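Features reported for this protein in Swiss-Prot:
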CARBOHYD  ASN288  N-linked glycosylation site
CARBOHYD  ASN922  N-linked glycosylation site
CARBOHYD  ASN1212  N-linked glycosylation site
REGION    596-625  region 'Disordered'
REPEAT    100-110  repeat 'BNR 1'
REPEAT    367-376  repeat 'BNR 2'
REPEAT    415-425  repeat 'BNR 3'
REPEAT    671-682  repeat 'BNR 4'
REPEAT    1049-1059  repeat 'BNR 5'
SIGNAL    1-21  signal peptide
TOPO_DOM  22-1296  topological domain 'Lumenal'
TOPO_DOM  1318-1349  topological domain 'Cytoplasmic'
TOPO_DOM  1371-1421  topological domain 'Lumenal'
TRANSMEM  1297-1317  transmembrane segment
TRANSMEM  1350-1370  transmembrane segment
Amino acid sequence: MKYLKGLLLPALLALAPSATAAKDAPSIETTTFSNELVNLQYFDDSTVALVQELGSGKIYRSPDAGKAWKELKDLKKGLGIIKNPYDNKVALVLGEEQHWITYDQGETWQDFKTEYSPSPNGPVSWHSQDNKKILIHEIEDCLFTPCLGLTYYTTDGFKTKPKTLVEGRRMCQWAKGSERFLEGQEKHDDRILCILRGKYSDRSKDFRLMISDDYFKTAEEPVMSSGRTVQGMANMAAVKGYLVAAVKADHSSELSLYVTQDTENWHHAQFGNGKIEEDAYTILESTNYSIQVDVMSSKYVSIGSLYTSNSDGLYFTKNVDNTNRNPDGFVDFEKIANIQGVVLVNIVDNAKAVQERGAHKKLKSRISFDDGRTFEELKVKGSDKELHLHSSPGIVMGVGNTGDELGKYTDGDLYVSDDAGLTWELALDEAHKYEFGDQGSVLVAVFDEGDTDKVMYSLKHGRKDTWKSIDLGYKIRARELTTLSDSTSLRFLLYGSKKKDGGGREHVLIQLDFNDLHERKCEDKDFDPKWSDPTPTFESCECDEFRDFECDFGFKPEGEGKDKKCVPEKLTLPKDACKNGDSTYMGSSGWRKISGNQCKGGSKKDEKTERKCDEADLPPPKSDKITSEITRFKGSNFLEQYYLERSTQNDDDETDHDETVVMLTDERTAWITHDHGKQWKKAVDDEVVRIYPHQYDNNYVYFLTASKKVHYSEDRGLRNSIHSFEAPVMPNQEMLQILQFHPKQKGWLIWMGGKNCEKVNSKECHTAAYVSQKNGKDESWEPLVSYVKKCAFVWREAGRDVKEERVFCEQHANEETGAPLQLISSDDWFKKQDVKFKSVVEIALMSEFIIVATKEKDDTLRLDASLDANTFAEARFPPKFFDIHQTAYTVLDSSTHAIFLHVTVNPRVDQEYGSIIKSNSNGTSYVLSLNAVNRNTEGYVDFEKMQGLEGVAIANVVVNVNEVNDGAKKKKQTRITHNDGADWREKDAEGKAYECAGKGEEKCALHVHGYTERADPREMYSSPTAVGLMLAVGNVGEELGTFGEADTYMTTDAGLTWKEIKKGSYAWEFGDQGSVIVIVRRGEDTDHVYYTLDSGEKWNLYQFSERKIRVDAITTVPSDTSLNFLLWGKDGKELVAVNLDFSGLPQFQRKCDLDEKDPEKGDFDLWIPQHPLQPDDKQCLFGHVAEYHRKKRDAECRNGQRIDHMHNIQRNCTCTRRDYECAYNYERQPGGECKLIEGLDLEDPTAVCSKGAKEFWDVSPYRKIPLSTCEGGNEFDHMGDVHPCPGFEEEFEKKHGISGFGLFMAIVLPFAAAGGIGYYVWRNWDGKFGRIRLGENGGAFDSDSRWVQWPIAAISGLVAVVAAIPMLVGSLYRMVTGRMGGGYGGRTYTSRSSFARGRGDYAVVDPDEGELLGDDSDEEV
């Protein structure tokens, strides 16, 4: 449609001729209430209104537009009133568990109940075409998981009890939940869309969108992108005729928007160079033909850019920059009611000064008559002054001021427009609330800057000389002025408060009735034909070249008016264009008709035009072969390398990819590449001493210099976006971590610096912590506390009901260096603080646990643990726990609701070993998992969990501990666990029998080198995306040999069977989720690599250089999804980085076909991992049969974006001995049975009764493995009988009857857990490690060894300082200094795979796990 300004119909001012007044003033009726009022609402097109008292919860109803009010006494303790927006007779009143619904505008109500309270975040979802179909959402559980709740549904308006729709939902809504979405279509009447928890995960990165047509008896996950489903769903909303779903990438705040018009076909919305981020976009009140989105263009000031989509919601173009927003995401954007295309916005005129210097915003108002494509100034009639208005709905009246910018609200006056915003005039001095009635023939306003006793009204369109006043007889502070939503009534309601006699204030509702002012009702003849009806009529005009077209996607406007051009910015080729040698293609002219525009004929500006192929943003040409690029650098060592992996790659757009790596050499030069090492450039000109990638967001990276200057980027260094800020003080000199990051607020930083440290050995020098909420910019640093060892943000995505501002610090008491540490906490940047613990040894903050170790008066250590950061519980250990002194620890893993620690038993150099212990689910009880596990001097432990598959782990043990204690060299063997060992083949890769074959597993097993002996400690056996695949370097025999004797082995079945793939020691990496595996000789000069495309069946050679170079490492992106790799090494005196690109191979030109409905139809098989010691049902692993997607070996295609490899839990298995482990205080015997540790007494089984249990079981030596989901069968944890707790005998008898079968009650551990720390009994893996063997089964270790007599103690993440000469050892996240030439300790979140950002080490570990450190692994500059 083409809008002609002078002929626009006004939204509300129908401009009917004023009727002759029969009375001098409207009638007034006042009703007084004791409490403040909320939820004042009219039923549409009626005179019935509802209102609620805030204090009492009472609901009142008025049938006569507010003249008289009556309490609805049956509606008790209502929490809120929610009207059905699609039916003016229906409303809900929600209570705690009892609720009420009306279908006759509140005259009668029917009650119903739900189990829990309604959600505070949109508790009701209405069906737009059936008023009986309603969804009720219960309050979400946000403590231990991201906020997930339960939803009920009704199809009969709650005549019957509501039924459970789905549990574990983020949100749900009807497909027909918007008036225009699926309008007029008969299908999908019962369709519901829900964002649910992941298949087998509660993490927000795994949230899925599910669609059901039968109330979730069955459900499907829609295909969103490139024929694949998409995880990480964050939100969805209906916008006119569109449904928009937002997807959040892991380790990033970046979002992708997917749009559909039918719930069946989804498209990835494209914003050109724009980027959508979490909490940084607002979907605005859009038109019928397009979606309008305001996107924050600055992270730390509320300024945005307005984008408008094309008609299918796919392509968005920027219309205006510097729109004004507030911190809550509300945008100064208003549409003139009932008229498509007229938009008013406020822009920030001095945006650059606001962003750079924090200047005060200068706001200006602009209006558009073409749906936001072009904007112009607001003009006052008879004046050349600009008008600026405060944002307000309806906007044919507004409070504002003339001049250069928008002033304060209280300095504004009331203006009115009678031509839909084209021109404006002053109505009343001072700011007023206002409302329209009788289609605009009556305008009412009330003073809004304080108390007033007058109400103003105009019957002549609000012109300044037409206003009259109504004397109320008392002063009122106006809160709200309203009428019917369509402004057709002559009755208004004014709500406010007035002073009471005797003090205080009372609340009043005043009805203003203008009906008696008219002698007669206006008839048709009284209306000017031009303004006869507020219903718009349309007349198509001839298309105008300048007014009816806008720039198409990929083009940006240049010039204005007739000189306006649309210049190519990013041209995307149409499908199949520019192939087969074509030099041109038919593409966009650069123009498109404005969405919804109904012009005809005239200009044909949007017709396709011929364009040259080389104008398009083409992906690099495919070479049909592997390519390599060698880059040389000055220096002797690479100090640091980090991948900044983008998690929102769009597989549909081959140009929308970057693989960014940052690297630091020992020349103190930082380099950056965006194409995985094909082209490098200097990141910054200054010398850099450390690189800090953001712990939680891969888009952020920081380059620290030797001064206070810090360079940083918020988008992976793209588009020359590296800026700088000044830190408050120099970095600390105490080897402490310098930067700490917030998991949610990406711009919140804690800087650990050194104060008064300019002079060497200054006595005044001490550490000081500072915080910035603006990423260090704009002099935003505020001091926290001084004399601190560590400060960290406490908030996490789930499990901690704390403020985002909460910070824990370890501070020296009385601010004295060397004084004992105390743990202090604050929610307001330490304006107030709380001392949590004194005499602190160490604190560890992880994703799930917070562990604090303190020293007692007798020099023993006490351990306290918390899940919620509020309540701590003490951990108790068996008798004689501290008899064996601990000297060091290494944190191995805490990714499965328990902490794995290695406790050093022998700390002597080159003779280190210790025990692995495992905590229960709340971190308060530790039990033995494996003895005599090997460790090296740097603190690394030979222990690694397999990635992508739970429960499989490999460790190396020292088998001659007695000799080692006497000074002998360590002899090591490898153990693997799938729960209780694994089977091995007896043939080598060449088909020959091993020399040791037939000698039994003691003499003939496979042993592999772990962390402690790897040349590059950043390598891993497995990949998070190549399920079931592992590579290792080792040998077959009686014990682990040297690296020089080692060969390279591979397994494709999670360690059940292994085969030798190459003689000698190789480094490896996985690409495209296992589609390609590349290996290279480690630490030797070489000119080639080997690669396999069929999971190791065939190995091919690729020569990447004409001369040999020494390769020290091979890397790829942390997710192992790329087809690019980097080799790192040296060529003579130069450093070299070699890019290997496999994407050109013909085998990867097609994207793999994955259909979840028929998973084996396309390019994938379903793989089921097996248990090596389950003769009856080998497919049962942890009590269930799990199915995983694995690409077929002969499939010639690429996986692309990360796949959710877990397809399904096919079934649960019956319980067997393999589903149980030894209970607390029990140890495994050589025959496999569990026996009470000598000297300990049985626990009192009745102890659970004092904690609220109604029954208890006899003590069992066994407990179920936490990962097991087995059902029935041999339940070893219920070997005894169940008994009633005192006082529950009768209930027990009724429940159990003759069957004697009862609810399982876990035997809790012998310590008192405080509130908030539940009894999730997570179990010990004692004795579950079996040799990687070729022969028969045997005991895993000697239980008579003195190292098994008592579970060895360790403090999670804490240094056990009880030895005479304590040895401080960092956790796994410490990078081995010197291995890669570094001169600095490791970062708290950096692993041996530190430059592979986000990658796990000993297991798939949350970034938080890096918090667990000893003193010597901290930072130094």
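Backbone N, Cα and C atoms are what each Cβ position is placed from, and that goes for glycine too.
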Would you mind ranking the glycosylation sites ASN288, ASN1212 by how many other Cβ atoms sit within 10 Å of each Cβ and giving me the lowest? ASN288
The mean pLDDT across the repeat 'BNR 3' (415-425) is 87
Going along the chain, which residues at least six beyond the ends of the repeat 'BNR 1' (100-110) come within the CB cut-off of under 8 Å? 43, 46, 48, 50, 61, 72, 74-75, 78, 88-93, 131, 134, 157-159
Near the repeat 'BNR 2' (367-376), which same-chain residues lie under 8 Å Cβ to Cβ, leaving out any that are not at least 6 residues past its ends? 3, 5, 8, 287, 290, 292, 306, 308, 319-320, 340-345, 347, 421-422, 547, 550, 594-596
Long-range Cβ contacts under 8 Å made by the repeat 'BNR 4' (671-682), restricted to residues 6 or more beyond its ends, are 629, 631, 633, 658-665, 716-718, 1116-1117, 1122, 1124-1126, 1137-1139, 1141
Inter-residue Cα distance where the pair is ASN288 (N-linked glycosylation site) and ASN1212 (N-linked glycosylation site), in Å: 50
For ASN1212 (N-linked glycosylation site), the three-state class that DSSP assigns: strand
What are the helix, strand and coil residue counts for the repeat 'BNR 5' (1049-1059) according to DSSP? 0 helix, 4 strand, 7 coil
Looking only at the repeat 'BNR 4' (671-682), how are its residues distributed among DSSP helix, strand and coil? 0 helix, 6 strand, 6 coil
Could you give me the DSSP helix, strand and coil counts for the repeat 'BNR 3' (415-425)? 0 helix, 5 strand, 6 coil
Quick one: DSSP breakdown of the repeat 'BNR 2' (367-376) into helix, strand and coil? 0 helix, 3 strand, 7 coil
